[in-house]
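If you look up Swiss-Prot, you'll see 57-87 marked as repeat 'PPR 1'. The annotation repeat 'PPR 2' is assigned in Swiss-Prot to 88-122. Residues annotated as repeat 'PPR 4' in Swiss-Prot: 158-188. Annotated repeat 'PPR 7' per Swiss-Prot: 258-288, in sequence order. Taken from Swiss-Prot, the feature repeat 'PPR 9' applies to 324-358. Residues annotated as repeat 'PPR 10' in Swiss-Prot: 359-390. The repeat 'PPR 12' annotation in Swiss-Prot covers 426-460. Sequence annotations record features per position, and here Swiss-Prot assigns repeat 'PPR 14' to 492-526. Annotation comment: Swiss-Prot describes 527-561 as repeat 'PPR 15'. Positions annotated as repeat 'PPR 17' by Swiss-Prot: 593-627. As annotated by Swiss-Prot, repeat 'PPR 18' applies to 628-658. Among the features that Swiss-Prot reports, repeat 'PPR 19' is placed at 664-694. Residues annotated as region 'Type E motif' in Swiss-Prot: 699-774. The region 'Type E(+) motif' annotation in Swiss-Prot covers 775-806. According to Swiss-Prot, the region 'Type DYW motif' annotation covers 807-893.
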Amino acid sequence: MTSKVVAAAASAFLSRTNELGNLQKSCIRILSFCESNSSRIGLHIHCPVIKFGLLENLDLCNNLLSLYLKTDGIWNARKLFDEMSHRTVFAWTVMISAFTKSQEFASALSLFEEMMASGTHPNEFTFSSVVRSCAGLRDISYGGRVHGSVIKTGFEGNSVVGSSLSDLYSKCGQFKEACELFSSLQNADTISWTMMISSLVGARKWREALQFYSEMVKAGVPPNEFTFVKLLGASSFLGLEFGKTIHSNIIVRGIPLNVVLKTSLVDFYSQFSKMEDAVRVLNSSGEQDVFLWTSVVSGFVRNLRAKEAVGTFLEMRSLGLQPNNFTYSAILSLCSAVRSLDFGKQIHSQTIKVGFEDSTDVGNALVDMYMKCSASEVEASRVFGAMVSPNVVSWTTLILGLVDHGFVQDCFGLLMEMVKREVEPNVVTLSGVLRACSKLRHVRRVLEIHAYLLRRHVDGEMVVGNSLVDAYASSRKVDYAWNVIRSMKRRDNITYTSLVTRFNELGKHEMALSVINYMYGDGIRMDQLSLPGFISASANLGALETGKHLHCYSVKSGFSGAASVLNSLVDMYSKCGSLEDAKKVFEEIATPDVVSWNGLVSGLASNGFISSALSAFEEMRMKETEPDSVTFLILLSACSNGRLTDLGLEYFQVMKKIYNIEPQVEHYVHLVGILGRAGRLEEATGVVETMHLKPNAMIFKTLLRACRYRGNLSLGEDMANKGLALAPSDPALYILLADLYDESGKPELAQKTRNLMTEKRLSKKLGKSTVEVQGKVHSFVSEDVTRVDKTNGIYAEIESIKEEIKRFGSPYRGNENASFHSAKQAVVYGFIYASPEAPVHVVKNKILCKDCHEFVSILTRLVDKKITVRDGNQVHIFKNGECSCKREETSFV
């Protein structure tokens, strides 16, 4: 009987009769014929039921209540329920179950309270629904009270109630209680076992889930397709072989491969990049639908197999299967991954044609695609603005995209707007906003978000905890970062890697290396993501021995082939003056990228092998590796140090005209330095005046340094004034200007400049040097000769060496102040305490002065020892009285 016929019959009959007995029977008969989508008929019946006072008839009301629930009219059903004068346990249970299925868990529990207050005794199905609502809310407290009622009413051994209770305890993390409850069940069936396995999988207890499956088989309980769907979910985390075993079990047991099970198998194989196996599952039987095909498309997308993903997408359409919102979302994700804006626009047009423009899933994928594929955020913002119901994923995608595009300030306004619209941000949203805080180094915002996380009790979650650590560390709040780490429930490599990265950025390289001990204390081993950070810290400290230990660790741990590790090793060996080792590591890189080549070119140039560095660059071009902005910074610096003026100018033009790389301020600084060292001050000034970017203080400082060397007082004063206008608290500008006045015969102006420094409470940046001896890094700071303790052992050793130099017949006498320079202290400490065969490697934060350079050079003539000093400009390798820089002392200006 069709809906229209039933509706017509109901209307005709009701208009002809007032006989209540017949009316009741007819209403029940009509309702029994109603189809699940015939809500209109329900309204036809409901009206006369109220009109003729038939709400006393329990069978009629229960039938009508069931009709409303079948047609998704849960709140209309609730209105009818409230109108009923007598409510049976069936009516209460049906309503509570409906709220539970609709995930209206709080409403289900509230209705249960009303039921208990009415004196109606719940049955096993009532308890099962109530317990499932408690599980949905993760409310173990209320669930425990319900459990007490279950025991009192004798339902604890019931498989339906017991399974729900086991699920509740599992979801609330009380696995011991869950297992004990399950063991007490009488005749646990397939559904009960599957629920327990599902709970364990949901709680990420993968091995325990497989163990339960094994016990299920031993108990002689046959698994069904839903059991295997859950087990495949566990296998995705346990490994390929586990999943293959489960697949074999499915075949051996003759479980029919329905669409749900096939989709789970496809998802499983695609996670392990076994797409050929996934396709075989797709073709294994005739039953297919859009969800199964979408799963295959998603698998190809996940594995970045663009051609196959698009081919499968087109094939499913040719078979008459209309892609759904998830299919289009997957294809748009592919466009995002391969940065294909044109194809993404085509898919966008298709979604509009087939009516998915209002789909939130498609909208989210479009926002992500436009953010990742466009140079601008405009189109993504337009799509977001047109969305009917943006959810938390929509807002989060937009926020993350804005962070990537550099619009970090806008993220905070979006977060406020999101909360205002009652969309609750999740941990990914907040992690994205914290990334914005890291870029801005905005500690106040970090504190605000941290407070919000504390109120929500999610500050200990690993994803958001890692973002908090990074945000605090980037804002120089290292103690706060450590407090977050200590409060986290779980920590991983990312937790410590972000901290090490920030320590390196802040110049706290010793602290970066100390993090290794904390990682090991947590049972976390360095991986290919964290190793480069520690190797970089070793490089910046000149800790060659530590760097070599990390190199050995990378080989033993199987990370020696990782490009990121090899690139960092090239940099480390170069900075430690061990160029042969750097070249050996470079040769191990299977396919050197631009970062690899930059490391080699930079290492050669900084160690004084300018010609070899330029040759390496030419080889890089021959190998068709495209240079980047950093490459040209390295080349310009090399030309500056090597006095290769014309070649430096040529590289600057090549960068712009051949490689279309727009020069940044840093490139102009080097260009000005090249011209300044060559005495071409007028050209250098012209570059500053005509550059398309606003010059910074460093450019004027570079020109001032050149003016000091060339004795150009008037231009030097002009550069100093312009530099101080931009950086009034930079002591280097005052010092350079004062030195220029001294050397130009203007001592009174020099003193006036130094007095101005004193008034502003500015002081010269202290020289700091480090030296590694027997795996431990020692630090030294330059001291004022008037304050130093001359009984200090290092000072005594320096004076002793100076006397030895005099006896050697060298004209070197040394500046008394220079005796306390940090580089000289570090060199002498390494000379005394390092093993006789070990070289001494020192790192200094400033350019090595003339006196210290001469001292170290003569020292290596007296003793057969290699001493390497890496200063703020280059690496100096001293051996047999000579330095690798091979430059006149003016280079130390």
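Using N, Cα and C of the backbone, Cβ positions are placed for all residues, glycine too.
Remember, it's a predicted structure, so these values are computed and weren't measured experimentally.
Note on the repeat 'PPR 15' (527-561): mean pLDDT across this stretch is 92.
Counting residues 6+ beyond its ends, the repeat 'PPR 4' (158-188) has Cβ neighbours under 8 Å at 124-125, 127-128, 131-132, 134-135, 138, 140, 143, 147, 150, 195-196, 198-200, 202-203, 205, 208, 219, 221 in the same chain.
Below 8 angstroms of C-beta separation, residues 225-226, 228-229, 232-233, 235-236, 240, 243, 247, 250, 295-296, 298-300, 302-303, 305, 308, 319, 321 of the same chain, each at least six residues beyond the ends of the repeat 'PPR 7' (258-288), sit close to that stretch. For the repeat 'PPR 14' (492-526), the residues of the chain that approach it from at least six positions outside its boundaries are 462, 465-466, 469-470, 473-474, 476, 478, 481, 485, 533-534, 536-538, 540-541, 543, 546, 550, 553, 557, 770, 777, 779, judged by C-beta separation under 8 angstroms. Under DSSP, the residues of the repeat 'PPR 4' (158-188) split into helix, strand and coil as follows: 22 helix, 0 strand, 9 coil.
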